[in-house]
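Peer 1: Have a look at this one.
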Amino acid sequence: MFTARWELGLLVLVLATALVQVVWTLALLWPMDAAQTKERAEVEDLRGELGDFALLLIMVGSLTVIGILLFNGGPSKVLNAGLALAAIASVWMMLHSIYTARYARAYYRGTDGGIDFNTSEPPCYKDFYYFSFNLGMTYQVSDTNVTSTALRTEILRHCLYSYVYGTGIIAVTINLVMNVVS
């Protein structure tokens, strides 16, 4: 049953990819202090259109596969819904984890940092996780100031991805609930 449906296999692949990325980067980056963050951010290079395209492909692909899964239905509605929700959550976390690394890189490669964290201490990855997930949930900066046009461009891209994916999440979640209930 599980391997007979290609959409389930693809959804599990998306879920596994996103979970590995999120857990791996969190385990690697979270414990770093400011000096380690600076060192890592200066050499890390995940930037570029190819990275944006891959991220967009995973986001759109996950929602598309979930839509196909909903349309085709099947006997395992609860299992399908659980996998779909897990994939949505993991891809959402992956989006913000990727932008965490991008903000750290932009901060430490820039001349003035581009983000004022309102503290004299240099930021570590925990600060960039806070910044990234805050943007992803609220589409705005809350208690930090952005001082760089290049960083504002990156923030705009992040907020647009977050908004579009968030809208998709709401639509898919409503459909999942209706599919399980009916």
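Heads up, the Cβ atoms here are built off N, Cα and C, so glycines get one too.
According to TrEMBL, the protein carries these features:
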TRANSMEM  50-71  transmembrane segment
TRANSMEM  78-99  transmembrane segment
TRANSMEM  160-181  transmembrane segment
Peer 1: Is the transmembrane segment (78-99) packed against any residues at least 6 beyond its ends, judged by a Cβ distance under 8 Å, and which are they?
Peer 2: 8, 11-12, 14-15, 17-19, 21-22, 25-26, 46, 51, 55, 58-59, 62-63, 65-66, 69-70, 129, 132-133, 135-136, 154, 158, 161-162, 165-166, 169, 172-173, 176-177, 179-180
Peer 1: By a Cβ-Cβ criterion of under 8 Å, what residues six or more beyond either terminus of the transmembrane segment (160-181) are in contact with it?
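Peer 2: Same-chain contacts beyond the flanks: 55-56, 59, 63, 66-67, 70, 73, 77-78, 81, 84-85, 88, 91-92, 95-96, 135-137, 139.
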